[in-house]
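Annotated features, as they stand in TrEMBL:
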type: REPEAT; residues: 4-87; note: repeat 'Solcar'
type: REPEAT; residues: 95-207; note: repeat 'Solcar'
type: REPEAT; residues: 216-305; note: repeat 'Solcar'
type: TRANSMEM; residues: 285-308; note: transmembrane segment
Amino acid sequence: SLPAKLINGGIAGLIGVTCVFPIDLAKTRLQNQQNGQRMYTSMSDCLIKTIRSEGYFGMYRGAAVNLTLVTPEKAIKLAANDFFRHHLSKDGKKLTLLREMLAGCGAGTCQVIVTTPMEMLKIQLQDAGRIAAQKKLMAAQAQLSSSSVSGAAEPVVETRPTATQITRELLRSKGIAGLYKGLGATLLRDVPFSIVYFPLFANLNKLGQKDPNVKAPFYVSFLSGCVAGSTAAVVVNPCDVVKTRLQSLQRGVNEDTYSGILDCTRKIWQKEGPMAFLKGAYCRALVIAPLFGIAQVVYFIGIAEFLLDMLPKHRA
């Protein structure tokens, strides 16, 4: 049933995000740093420096936005894929690869309604620590170079905006369109991701089914979700880099600004080289693999069906 699908998708998203959010934060910061302004050399270096400068909970900056909006996002994505697969099937026959890809395309298109504002707010909160650390480093270097002439420099005051403050400012200055900055890049990432992910997962999951009418074991669904998720994540990582750069409202010192998808792609290619489009790819794979593995296990086990079945008994 639709309520069960929505509950399953929401529970899966909450569990997955809680487990992998620090890696997602490292991915955002690695993707946003540009040549000449590198604060972090790797995922582990980013997480260690984040803990040192911002504390343990610094790794979860922006998590509240994700935890709030991931439920409708995952629910829409998984339920939409099922909806399109159902309507594209003919008399219950096996879907062709093309129809599976079309179903994934429809799911990816539907989810951006929630994904774009969620990613927009999350990126600002995740990247604020990187920009603050960069400003502190630049101030320390300036202090060293000028201490013999003008004395100590003024300390840098770090401001930490909240998701509510960012939302209000965007709505005040740009209206609802402000929350949907980077919509085109989000579509370029999420639609191909779903086109790759859902058919790949469905076919890998079928390999573990002894009978077409019986669900695959939970570990098969988990491994299928991990493999399909990480594969799709790496495939669309160039689009994710462009999307992250476009949705970042604040820039570090001497970092480029972009007017659109083509301008961002051109500047990254010219100034940072083609390998820049793979920034954070392994982080994204590490995020997506367990996220979708957990999502598919929850979704296929059907926790919601169990909860919904218990309601009448509880009332009785």
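Cβ atoms here come from the backbone N, Cα and C positions, even for glycine.
Heads up, TrEMBL stuff is auto-annotated, nobody curated it.
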Quiz item: Given the model, what does the mean pLDDT over the repeat 'Solcar' (216-305) come out as?
Solution: 85
Self-check item: DSSP residue counts for the repeat 'Solcar' (95-207), split into helix, strand and coil
Solution: 96 helix, 0 strand, 17 coil
Quiz item: In the repeat 'Solcar' (4-87), how many residues does DSSP assign to helix, to strand and to coil?
Solution: 71 helix, 0 strand, 13 coil
